[in-house]
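J.: Encoded as structure tokens, here's the structure I'll be asking about.
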Amino acid sequence: MKIFDLKKELNAFTQEQRKKDCSIGLVPTMGALHTGHISLVKKALSENDLVVVSIFVNPTQFDKKDDLDKYPRTFEKDIELLKQVSDNIVVFAPTVDEIYGENVTSQSYEFDGLDKVMEGEFRTGHFDGVGTIVELFLRTVAPDRAYFGEKDFQQLQIIRKMAEIKNLPFQIIGCPIEREPNGLAMSSRNERLSKETREEAGFIHTTLQTAKADFGTKSAISIVDWVKSEFDQHPLFDLEYFEIADENTLTPALKIQDNQKYRAFIAVYADGVRLIDNLRLN
Ligand code: PAF
């Protein structure tokens, strides 16, 4: 398996592949790969001749140093896992210095307000960091298609907006959330949960499912209040936010419109680990 750590070399390689009429998929990751990532890689392999998987824990999208320090890094294991999936994968694993040099900062983006709510409200600068690194990966690889999980649905919408604003002619593809058997959305952060909390964390998805069942018969405000009270009573989880929002604008749904699509979005702390999830409501 080819592993690149320099932008210039990866870019030369992908250009050469393109000359051979080879289509390219990009799967950006921060490593600690799990079944969720592998499903993105498999989808990318099914739609492209070659797939570039980037593995880079991007410092500028973390607002807390502690969260960045504790982010799991399992490079050798990740490579072994990818080797088992296909030979048509190349890995891009740059150093922070290669990406940022001495200036480890983000660009500023105007995402039409998509970054002002939910994750953007609670994680200052997070989406500027995501935009900066994803734009750099897209420009370096110039893929036909780039794949992102819907677990980070707000991120997916923001990346679509960034591609539109920056006129990047790459297809941005959202892929369904992969879940553990109890419904917990797969995430590299799940590794940091105790066994008991991880088992109990199916509660997050179950609550979203009840919210979905009630959507349409109860008001958005009463569903939000009910979810808050469920978490108030739970000894293991601290709710950071629960929102019912329009899928496109991500603005909170005060009045439900027949022709709009809505999703429920949630962020919860468990064992000091921040977990997010979302579910389409209609
Ligand atoms: O979703 C992630 O893992 C990261 O935000 C991404 C898209 C790889 C950018 O660092």
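A Cβ is built for glycine as well, from the same backbone N, Cα and C atoms used for every other residue.
Note that the structure is predicted; figures quoted are calculated from it, not measured.
The active site, proton donor annotation in TrEMBL covers His37. Annotated ATP binding site per TrEMBL: 30-37, 149-152, 186-189, in sequence order. Marked as (R)-pantoate binding site by TrEMBL: Gln61, Gln155. Marked as beta-alanine binding site by TrEMBL: Gln61.
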J.: Taking the Cα atoms as reference points, how far is Gln61 ((R)-pantoate binding site) from Ser188 (ATP binding site) in Å?
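T.: Between the Cα atoms of Gln61 ((R)-pantoate binding site) and Ser188 (ATP binding site), the distance comes to 16 Å.
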J.: Which recorded positions from the set His34, Gly36, His37, Lys151, Met186, Ser188 have a C-beta atom lying less than 6 Å away from ligand 1?
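T.: None, by Cβ distance under 6 Å.
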J.: Cα within 10 Å of the residue listed as 'active site, proton donor': which of the binding-site residues Gly149, Lys151, Gln155, Met186 qualify?
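T.: Those close enough are Gly149, Met186.
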J.: Can you tell which of His34, His37 has the least company, meaning the fewest other C-beta atoms within 10 angstroms of its C-beta, among these recorded positions?
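T.: Least crowded of the recorded positions His34, His37, by Cβ count within 10 Å, is His34.
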J.: Give me the non-local Cβ neighbours of Met30 (ATP binding site): same chain, 6+ apart in sequence, Cβ-Cβ under 8 Å, ordered along the sequence.
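T.: Counting only residues 6 or more apart in sequence, the Cβ neighbours of Met30 (ATP binding site) under 8 Å are Ile55, Phe56, Val57, Asn58, Tyr71, Ser188.
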J.: Where does Ser188 (ATP binding site) sit by DSSP, helix, strand or coil?
T.: helix
J.: Need the DSSP three-state call for Gly149 (ATP binding site) to compare against my parser.
T.: strand
J.: Near the Cβ of Ser188 (ATP binding site), how many other Cβ atoms are there if near means within 10 Å?
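T.: A 10 Å sphere around the Cβ of Ser188 (ATP binding site) contains 19 other Cβ atoms.
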J.: Across all chains shown, how many C-beta atoms besides its own are within 10 angstroms of the C-beta of Gly149 (ATP binding site)?
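T.: A 10 Å sphere around the Cβ of Gly149 (ATP binding site) contains 22 other Cβ atoms.
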J.: Around the Cβ of Gln155 ((R)-pantoate binding site), how many other Cβ atoms lie within 10 Å? Please give the count over every shown protein chain.
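T.: A 10 Å sphere around the Cβ of Gln155 ((R)-pantoate binding site) contains 24 other Cβ atoms.
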J.: Given Gln155 ((R)-pantoate binding site) and Gly149 (ATP binding site), what distance in Å do their CA atoms have, once rounded to a whole number?
T.: 9
J.: Tell me the Cβ contacts of Met186 (ATP binding site) under 8 Å, same chain only and six or more apart in sequence, or just say none.
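T.: Same-chain residues close to Met186 (ATP binding site) (Cβ under 8 Å, separated by 6 or more) are His34, Thr35, Gly36, Lys151, Ile177, Glu178, Arg179, Glu180.
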